[in-house]
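Features of the protein shown, as given by TrEMBL:
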- 51-515: domain 'Amino acid permease/ SLC12A' (DOMAIN)
- 53-73: transmembrane segment (TRANSMEM)
- 85-112: transmembrane segment (TRANSMEM)
- 132-153: transmembrane segment (TRANSMEM)
- 159-181: transmembrane segment (TRANSMEM)
- 193-213: transmembrane segment (TRANSMEM)
- 242-260: transmembrane segment (TRANSMEM)
- 281-300: transmembrane segment (TRANSMEM)
- 340-360: transmembrane segment (TRANSMEM)
- 381-403: transmembrane segment (TRANSMEM)
- 415-438: transmembrane segment (TRANSMEM)
- 458-479: transmembrane segment (TRANSMEM)
- 491-510: transmembrane segment (TRANSMEM)
Amino acid sequence: MPFWDSKDKEKSGVYADGSPDYHDSDIIYTQEGEIAENTDQLQRRLGNRQIQLIAIGGSIGTALFVSIGGGLVRGGPASLFLAYLVYSCFLGLVNNCIAEMTVLFPVSGGFIRLAGHFVDEAFGFMAGWNFFIYEALLIPFEITALTTVLGYWSDHIPAYSIPIACIVLYGLLNVLAVRAYGEAEFWLSGGKVILIFLLFSFTFVTMCGGNPANDAYGFRYWKSPLAFAEHLSTGSIGRFEGFLAALWSASFCVVGPEYISMVAAEAKRPRIYIKNAFKTVYWRFGIFFIAGALFAGIVVSSKDPTLLDVVNGTGTGGGTAAASPYVIAMSNLGIGVLPHIVNALLVTSIFSAGNTYTYCATRSLYGLALEGRAPKILRHCTKGGVPIWCFAFVMIFPCLSFLQVSSGSSKVLGWLINLVTAGGVINYIVMCVTYIFFWRAVKAQNIDRRTFPYKGWFQPYCAYIGLGWMLFIVFFYGYSSFRPWSVENFFIYYTMLILAPITFGVWKLVKKTKIVTPMRADLTWERPTVDAYESTFLDPPVGFWTEIIQMVGIKRQKGGVDRRRSSVA
């Protein structure tokens with residue numbers, strides 16, 4: 001017998017102004033007669049503070065602290081800063097699209113199910129498997145990077161020991177209820193925030209002369225010709241290609257909207273907490289990614305020998321020395337203790353990112369199974385709301401990190417970065433296309449978007465501009481494989497791009513799916529259950545800082561927060 005129950009009735013739709021026209025029979029109930037949290041078996045257990053920290057830190061991992069050195073070497077500090085600034089602005093347009101849809105429809109599977117619902121079932125199939133492969137391959141990437149960072153302390157750590165430890169720990173954190181994952185990410189992401197501000201403070205103090213050498217180096221590494229480095233070619237063309245290399249680095253590093261979309265189905269009050277999380281994305285881009293690129297180019301030269309060894313995978317820096325530009329800078333300045341502190345926080349940061357990727361890969365596979373785009377057995381959840389068979393399948397992918405045993409961690413990192421970057425950009429293309437179809441449906445059905453819980457600004461132009469930019473990135477970021485022609489590099493860069501139309505075409509031919517027309521789009525979908533669930537809360541929503549201080553007993557209210565009644569009556 002299914003976990004949920006529903007009375008058969010056609011959806012009653014929406015009024016002309018966009019407000020929901022529901023009846024009690026539209027709402028999903030549990031077997032106990034209570035209003036369900038979802039139309040499936042996932043449970044809404046993530047509180048405001050957990051969601052906010054996942055939004056802030058869940059997507060910040062190796063790329064910002066370690067892999068950013070590759071963009072610095074190839075583009076120089078000025079190109080790196082400009083690339084991260086430009087890319088963050090365009091990704092903000094994509095965030096504006098997915099935020100409106102996710103807050104309105106906080107469904108299991110996030111944006112991948114929205115793609116199938118509003119565009120085409122085949123489009124949802126392609127989006128879901130692209131995102132799953134992207135997330136699943138990021139898990140061994142983070143494990144491999146963790147091995148590289150741990151090499152700062154010792155050259156004698158067995159390469160196979162780190163993957164084994166990570167697989168066990170990721171398993172323990174993700175096989176428990178979602179509350180355990182949320183709590184773990186809250187503390188791990190908090191460590192990332194501390195690390196980021198520690199590195200920013202280090203940069204500001206040392207560039208002003210606060211270092212053992214009393215060297216006020218300022219923007220020394222931004223002076224010509226170091227500011228805009230040449231890459232592949234020489235002269236102006238070489239500097240432009242250096243900027244492009246930094247831009248490709250940014251396209252791998254700057255992420256975020258997809259992770260908020262994926263946790264929406266397990267958020268306690270998605271209309272409020274998820275909306276606030278999407279709003280933090282804009283200033284997170286500015287503070288963490290753009291400022292991170294600025295400071296990485298200040299503290300170390302793009303021609304630093306150790307950094308070059310790390311990026312090129314040669315010499316002692318390739319896999320055993322300090323991999324982070326910040327740690328390299330600290331060593332160059334003769335600072336003894338701080339590099340160890342930073343490296344320890346880097347370990348927790350990288351581990352946290354891998355934990356998030358494990359969670360998202362599991363939930364994306366579950367979303368595919370709900371729509372019949374993956375085997376039905378994967379729909380099974382534990383009593384705690386964990387898709388256990390999806391999780392078991394995902395845990396196969398961390399085993400790819402054992403490749404470093406024979407090939408070296410730096411080489412494996414390069415493979416995985418190039419392979420998954422296109423997959424990440426395809427996710428944003430999917431979001432923009434989905435929003436365009438959604439917007440067309442809203443207009444055709446004469447629904448006022450101002451009645452939605454969140455309305456994106458400057459639409460649909462954000463979607464069109466964001467779509468054009470992401471198409472440019474995904475088609476051209478692997479152009480270096482043509483200079484000279486390399487079959488190996490071509491497939492490393494473009495495998496995900498080739499796979500996308502194949503999966504779309506196969507599913508469309510097999511299932512004979514049709515594109516969703518504006519008038520056929522269901523703009524009610526799971527809204528009745530979510531709205532009814534939101535209406536059962538007895539307490540007003542708690543702010544992030546209020547919830548933080550409640551953890552230590554201040555302003556704690558009797559009965560806790562987010563108390564609910566069993567019905568809206």
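Each Cβ is built from the backbone N, Cα and C atoms, and glycine gets one as well.
Please treat TrEMBL annotations as automatic predictions, because they have not gone through curation.
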Which residues, given as numbers and ranges, are at least 6 beyond the ends of the transmembrane segment (415-438) yet have a Cβ under 8 Å from it?
67, 70, 91, 94, 97-98, 100-101, 111-112, 114-115, 118-119, 123, 126-127, 130-131, 133-134, 137-138, 140-141, 144, 248, 251-252, 255, 257-258, 456, 459-460, 463-464, 466-467, 470-471, 473-474, 477-478, 489, 492-497, 500, 516, 518, 521
Result, the transmembrane segment (159-181) in contact with the transmembrane segment (281-300) (3+ CB pairs under 8 Å):
no
What stretch of 159-181, 193-213, 242-260, 491-510 shows the most Cβ pairs under 8 Å to the transmembrane segment (458-479)?
242-260
What else in the chain is close to the transmembrane segment (381-403), if you only count residues 6 or more beyond its ends and a Cβ gap under 8 Å?
3, 41-43, 45, 136-137, 139-140, 143-144, 147, 159-160, 162-163, 166-167, 170-171, 174-178, 266, 354, 358, 361-363, 365-366, 369, 412
Residue list, the transmembrane segment (132-153) vs rest of chain: Cβ under 8 Å, 6 or more residues beyond ends.
61-62, 66-67, 159, 162-163, 166, 170, 319-324, 327, 339-340, 343, 346-347, 350-351, 353-354, 357-358, 360-361, 364-365, 368, 394, 397-401, 403-404, 409-410, 412-413, 416-417, 419-420, 423-424, 426-427, 496, 499
How about the transmembrane segment (85-112) and the transmembrane segment (491-510): do they have 3 or more C-beta pairs under 8 A, pairs 6 or more apart in sequence?
no
Cβ under 8 Å, sequence separation of at least 6 from the ends of the transmembrane segment (53-73): give me the contacting residues as numbers and ranges.
46, 79-80, 83, 141-142, 145, 148-149, 182, 185-186, 188-193, 195-196, 199, 229, 245-246, 248-250, 252-253, 255-256, 259-260, 263, 277-278, 280-281, 284, 288-289, 292-293, 296-297, 300, 302-303, 307-308, 310-311, 323-326, 328, 346, 349-350, 352-354, 356, 413, 417
For the transmembrane segment (340-360), could you work out the same-chain residues 6 or more beyond its ends whose Cβ comes under 8 Å from its Cβ atoms?
54, 57-62, 65-66, 131, 135-136, 138-139, 142-143, 145-146, 149-150, 152-153, 166, 169-170, 173-174, 181, 184-185, 188-189, 191-192, 194-195, 198-199, 258-259, 262-263, 322, 324, 326-327, 330, 391, 394-395, 398
Local confidence of the domain 'Amino acid permease/ SLC12A' (51-515) - pLDDT mean:
86
